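Here's the structure we're looking at; comments come further down.
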Amino acid sequence: RFQESRERLSVCSKLCYAVGGAPYQITGCALGFFLQIYLLDVAQVDAFYASIILFAGRVWDAITDPMVGFFISKTPWTRFGRLMPWIMLSTPFAIISYFLIWFVPDISTGQVMWYLVFYCAFQTLVTCFHVPYSALTMFISREQSERDSATAYRMTVEVLGTVLGTAIQGQIVGRVDTPCIESPFFFSLTNSSVAMEELNMTHDTESLTDTRNAYMIAAGVIVGLYILCALILVLGVKEKRDSSELQSDEPVSFLQGLKLVMNHGPYIKLIAGFLFTSLAFMLLEGNFALFCTYTLGFRNEFQNILLAIMLSATLTIPFWQWFLTRLGKKTAVYVGIASAIPFLIVVVVVDSNLFVTYVVAVAAGISVAAAFLLPWSMLPDVVDDFKLQHPSSHGHEAIFFSFYVFFTKFTAGVSLGISTLSLDFAGYQTRGCSQPDQVKFTLKMLVSAVPVGLILLSLLLFKLYPIDEEKRKKNKKALQDLR
């Protein structure tokens with residue numbers, strides 16, 4: 001009883017821990033929803049090169065996760081802990097590189113290189129923040145229920161972070177009307193097309209400058225929030241050395257640990273299921289702004305639709321936390337993630353209707369909340385299961401968390417690259433007021449048909465995941481006996 005009360009975390013500790021998840025989500029959401037449309041329509045990067053930037057940036061981001069996980073496993077304990085120094089040192093450099101992603105350099109050549117370098121630099125630095133932060137879950141308490149509770153706090157704040165990212169970026173940028181160019185077919189109908197273009201050119205240049213400034217203001221606000229959240233995390237959370245049996249007699253071999261982790265069946269099955277789920281939601285996220293703008297025709301409304309999705313997700317996180325404690329995590333996966341399917345179908349089948357789109361956005365948010373919370377709630381159970389099977393092997397937490405993030409990011413990179421490339425093949429018109437029918441059809445596929453297929457595949461894979469509620473309780477009891 002005394003041991004249990006000693007392990008209990010205060011609400012303040014949980015909140016300070018949870019706030020640390022916001023920087024990754026705020027920046028990730030702003031980049032996920034807006035970087036593609038920014039590169040294409042504001043920085044005016046060719047669709048082919050934009051696909052290379054998005055693909056290379058995401059893949060590089062994925063590669064850095066296991067690398068950072070490796071270096072963390074080799075990091076000695078300091079008076080700040082083993083994970084906290086990573087968070088403290090990466091923050092200043094991360095905010096500089098993030099700001100420069102949203103800056104349009106005044107260079108005719110090398111623009112693609114600019115975005116590639118700063119996008120990759122930011123992804124590396126935010127990984128140096130987020131991998132140790134994710135692994136911190138195992139270092140704040142030994143109690144499974146306390147970790148689950150802290151994870152629910154964290155997920156609520158993280159989804160709130162996505163709301164902030166969407167709201168700040170969307171509302172600031174949405175206030176400025178990004179100029180578009182009428183279809184060349186329209187101009188060919190009139191002899192005065194050249195005069196028309198010259199007349200609009202000055203207005204277009206001014207409007208484009210306003211849009212670029214709006215993106216930089218949004219970046220400045222987000223950078224300020226990043227610093228504030230990092231400070232609250234570092235000052236408010238104490239990393240406990242005795243929470244994991246970190247001090248092992250033998251130095252941990254990373255490759256040996258990696259081999260053990262990758263041979264752990266429940267981990268591979270959990271990763272496989274969430275791989276396809278996250279891929280579905282990444283495709284939706286990456287193409288939703290373009291889909292609202294061009295397929296549905298809501299050019300000035302998409303930032304509010306995105307906000308509806310994220311607000312809905314934030315408000316339903318507590319419900320999913322209640323649901324998984326009552327009916328189990330595996331049931332929550334089936335109900336939560338499958339609930340997105342009918343609404344993803346409705347949004348493309350029903351004719352462009354703003355009310356229907358908002359209803360779909362709210363419903364999609366409920367599913368997004370489940371997809372957010374569940375992997376992070378289930379990963380510690382897998383780590384506990386691993387500890388029971390390998391009681392003498394310690395210090396592999398960073399490998400579990402970093403490789404989960406690696407696989408999801410790698411597939412996200414592939415999906416974003418392929419989707420931007422497929423828009424290029426479909427004939428995407430940079431800064432076009434409207435797009436060809438092939439582009440509209442491609443966007444429908446990318447936000448509906450493909451995600452639905454991926455979600456169905458993930459639900460089949462979850463059937464193989466072996467840790468149900470009964471197994472989880474047995475593991476908890478066995479771990480307490482072991483200690």
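Note: Cβ is positioned from N, Cα and C throughout, glycine not excepted.
Of all ranges given (15-35, 57-77), TrEMBL attaches the label transmembrane segment to 15-35. Sequence-remote contacts of a segment are chain residues at least 6 beyond its ends whose Cβ falls under 8 Å from one of its Cβ atoms, and for the transmembrane segment (15-35) they are 9, 54, 87, 94, 98, 101, 119, 122, 126, 129-130, 133, 136, 140, 150, 153-162, 164-166, 168-170, 173, 215, 218-219, 222, 225-226, 229-230, 232-233, 235-237, 282, 285-286, 288-289, 306, 310. Against the transmembrane segment (441-465), stretch 267-284 shows more Cβ pairs under 8 Å than any other of 83-104, 116-140, 214-237, 267-284, 398-421.
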